[in-house]
Amino acid sequence: MSLTLSSTATITGTNVQIPRLGFGVWQIAAANCAAACAHALNAGYRHIDTARLYRNEEQVGTAVRESGLSRADVFVTTKQGVRGDTPELTYQLALESVEKAAGTAPGAYVDLFLVHIPDVRGGADGRKEVWLALERLFREGRARAIGVSNYGVQHIEEMKTYASVWPPHVNQIELHPWWQQRELVAYCEEQGIVVQAYSPLATGTKLNDPVVGEMARSLSKSPAQVLIRYGLQRGWVVLPKSENPERIRQNADVFDFELGQDDLRVLDGLDGLDGQY
Ligand SMILES: NC(=O)c1ccc[n+]([C@@H]2O[C@H](COP(=O)([O-])OP(=O)(O)OC[C@H]3O[C@@H](n4cnc5c(N)ncnc54)[C@H](OP(=O)(O)O)[C@@H]3O)[C@@H](O)[C@H]2O)c1
């Protein structure tokens, strides 16, 4: 079936649907974040990706509430990579994020809550403690789905020793043509873990790449649109960031063209060709 702005992925074992295109808000200052999210929601995005670390969860929540859209129609993700001094305090930190991103009304929820990084203080103990806090939010209905970010196969396998919810619903990892993490993606797909691609534009560092530029010209699209489309056609949930209204709109305008098999092969071939990645 062809992709549209309303296309979703289903979280295995649940009825939760994740919009395949999301709007990332890392590095958007709190003062600009509600306006950027409003532009994104106006442009048709229905999925916003924030984190405790980004210091803009509250502005995401405000933008969703002020958008006039029903809460159920917008998918909100947040993340936590730190623990408190006790398991209860770790849970309270996570609950604080839910209340910032979704409001303080009883039963307010985020759609997805991720352990942000495996490098939580205390290593395996820290990862376990944050995960158990997210499982509690999941049981309480304050997070409709829970997952991880930047986890390798070994971290996901380690979770089997302590997780009641396994596999994690999502693994959010850096993915673009220059960094394809194929073994990890294949493992997630085998386990039924939804793969989210962060930094799909390589954080803006590869938009002048000649191969992508030539492909974009031949398709009458921009390099950013080609890269977003690549991630979508690879089956990932794709999370571009922009705080420019025109580029926010442009990044959602990726459903009127398709990369052919030859284009996909060329982009696949860029993997590992850049020393930076
Ligand atoms: N889980 C994690 O650890 C993690 C880590 C990194 C990122 N993420 C998530 O992934 C999201 C996206 O990743 P990212 O922020 O690294 O960057 P990205 O989406 O790969 O690239 C964003 C950069 O590209 C520019 N840009 C965006 N659209 C453009 C266009 N159409 N034409 C030209 N330039 C364009 C942006 O500038 P302007 O804003 O000026 O347009 C910005 O400099 C983050 O916001 C975050 O939600 C998660």
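Cβ coordinates are placed from backbone N, Cα and C, and glycine is handled just like the others.
These come from TrEMBL:
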- TYR54: active site, proton donor (ACT_SITE)
- HIS116: substrate binding site (BINDING)
- 21-270: domain 'NADP-dependent oxidoreductase' (DOMAIN)
- LYS79: site 'Lowers pKa of active site Tyr' (SITE)
TYR54 (active site, proton donor): secondary structure state under DSSP, collapsed to three categories: helix
Averaged pLDDT score, the domain 'NADP-dependent oxidoreductase' (21-270): 98
Cβ neighbours of the residue listed as 'substrate binding site' where a neighbour is any other Cβ within 10 Å: 21
